[in-house]
Ligand code: PRX
């Protein structure tokens, strides 16, 4: 690992909200007296009824309870929209850049207020009330932000499902939270190709019985879609019928704002629940300090609103701060591999936040497509979603940022609501590949296999010792699973599922997941989900899935498959299985390698030894470890002899 160090540039020390001395002072305060620290910073959002209580949290694994600002009331859309009207009504809130470079528009805070209020009235007219859930399955169009904020306005809880998920995955998520309203578009548009969102949503709804009463459809492409009278309505027709006046509903700080399904080690994806007050305070504060956002800056996060990054750092954090946030419908290589940088130049982007997988794929196309653009407005770069390898970091810094833009490598998770470990550009020297230091109020610890806290430079598992306001509150409908998943491995601490190293400077280096979650191009995938999709195929009797290092994706999906008696493991079947998983879960879950295996390495008690499968997938046959406990050690020889990829 590179230990090259980039000091904080002098101009950054002067211009940034937080320099190193300030970081140290505030960080010390935030952990020695969290009550006082967050009492002050909780005031950064507007409250309808101000809170008098600040922190009320317990990580006791049998009784986890997380409450912040619990007697305060507010509304998230009030904070992201209404409160800016007096001071910046005519400022651009959202710059929308379409898939086609000729297609873009700007939405001011005044316009945003009208759009959100109208759509909130549509939701009310469809019977959506405080506490109801609404499923959103939209492409990257402004209506996605309007729909989120409209839900918040009426007190409904949104559950966004990424547009790349299959009808089956969507159906599971609609059922999981019993949404009677689904919001989608006729078709999405990505890289010039159409995505049949309405058709997918129709198929999903058909699988969920009579849960869904209303489907609201945005006309994006005008493509032909099936229509179910009485259930399906057009967004533009409904919003034209209602008034543009919709006062925000008063919500308690601890009322849920959204559910977001995410993959874990076992079972079906969990509904991560985030609430109103603490989440917004944390998203807004991290957005301001990590990206050093000043009034007038143009900020672009390339994530999709279907992931948590889109929630916290395209919509809620930036809009709570009155920022101008850019929303991009397309992909990095359409119509050309210079697209990101063309968009930066077109809109004068100052702050750019993307994923290592995008950097690695652009790196592959060389420097010329970057260098032919100006990028002179860029000041700060960010990275999120997976460990960034030092080579990609250096390229991002040197080629994209022309050695002048610091990179904030932000470590966090769907569960954490906002960034937990990150450099602050005016305060933190940078080491390529390190997420560096904790944000205010965050207390990381490194533990060994027995749960003992390790001090000083070390390597182990990453836990967080105490709560922060943006933390998830529960797993939707299953608090026991929440306690079990995150607080039982190291009782009394939040277990992240990540491994890490801490160096002599106290900097953290995230080394990746230590559980059965894999990270494919920054998308989180449970190996168990892919396995259950595979065994649902009639030809498959058993499957085991592991991650392996992949140059572009970070990790690839490696599937070992045992076929049913009498079935021939052919090349056609291999292709069919890949297509099957795409259909069952979505393209992001496509296995990169399918290896047919007559047997899987199991202990005598029948437990699959994944450690061995991982080593074979990684091509590390020399370090398979002890295989003598296997029921049939010879299966390993066959697996090695027939390694795929
Ligand atoms: O393994 C870590 C990795 O992504 C996981 C969280 O995934 P998800 O909930 O989908 O959220 C992604 C966007 C916040 C983490 O457990 N991860 C995320 N950011 C980084 C990272 N790994 C290393 N460095 C990062 N900056």
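Just so it is clear, glycine is given a Cβ too, placed from its N, Cα and C backbone atoms.
Here's what TrEMBL has on this protein:
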- 190, 191, 192, 193, 309, 333, 521, 582: CoA binding site (BINDING)
- 385, 386, 387, 409, 410, 411, 412, 413, 414, 498, 513, 524: ATP binding site (BINDING)
- 535, 537, 540: Mg(2+) binding site (BINDING)
- 23-80: domain 'Acetyl-coenzyme A synthetase N-terminal' (DOMAIN)
- 82-466: domain 'AMP-dependent synthetase/ligase' (DOMAIN)
- 607: N6-acetyllysine (MOD_RES)
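TrEMBL feature annotations superimposed on the structure.
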residue	record	Cβ neighbours (10 Å)
191	CoA binding site	14
192	CoA binding site	11
193	CoA binding site	11
309	CoA binding site	24
387	ATP binding site	22
410	ATP binding site	24
513	ATP binding site	18
535	Mg(2+) binding site	14
537	Mg(2+) binding site	18
607	N6-acetyllysine	11
Inter-residue C-alpha distance, residue 513 (ATP binding site) and residue 537 (Mg(2+) binding site) (nearest angstrom):
28
Neighbours of 535, 537, 540 excl. site residues, C-beta within 8 Å of centre, Mg(2+):
533, 534, 536, 538, 539, 541, 542, 543, 561, 577, 580
According to DSSP, does residue 582 (CoA binding site) sit in a helix, a strand, or coil?
helix
List those of the recorded positions 190, 192, 521, 535, 540, 607 whose Cβ lies under 6 Å from any atom of ligand 1, in sequence order, or write none if there are none.
none
Helix-strand-coil residue split for the domain 'Acetyl-coenzyme A synthetase N-terminal' (23-80), DSSP-based:
26 helix, 11 strand, 21 coil
How many neighbouring Cβ atoms, not counting its own, are there within 10 Å of the Cβ of residue 582 (CoA binding site)?
17
Can you check how the pLDDT averages out over the domain 'Acetyl-coenzyme A synthetase N-terminal' (23-80)?
98
Output the one of 190, 333, 412 that, of all these binding-site residues, has the highest number of other Cβ atoms within 10 Å of its Cβ.
412
Out of 191, 521, 535, 537, 540, the binding-site residues in the record, which is closest to residue 410 (ATP binding site) when you go by Cα distance?
521
Pairwise CA distance, residue 191 (CoA binding site) versus residue 385 (ATP binding site), rounded so that it is a whole Å:
22
Please list residues from the chain of residue 540 (Mg(2+) binding site) whose Cβ is under 8 angstroms from its Cβ, counting only those at least six apart in sequence.
534, 561, 562, 563, 564, 577
Between the recorded positions 333, 412, 521, 607, which lies closest to residue 537 (Mg(2+) binding site), Cα to Cα?
607
Quick one: what's DSSP say for the residue listed as 'N6-acetyllysine', helix, strand or coil?
coil
Would you mind reading off the Cα separation of residue 192 (CoA binding site) from residue 385 (ATP binding site), to the nearest angstrom?
26
Quick one: give me the count of other CB atoms within 10 A of the CB of residue 521 (CoA binding site).
20
Please tell me which one of the binding-site residues listed here (333, 521, 582) sits closest to residue 414 (ATP binding site), measuring Cα to Cα?
521
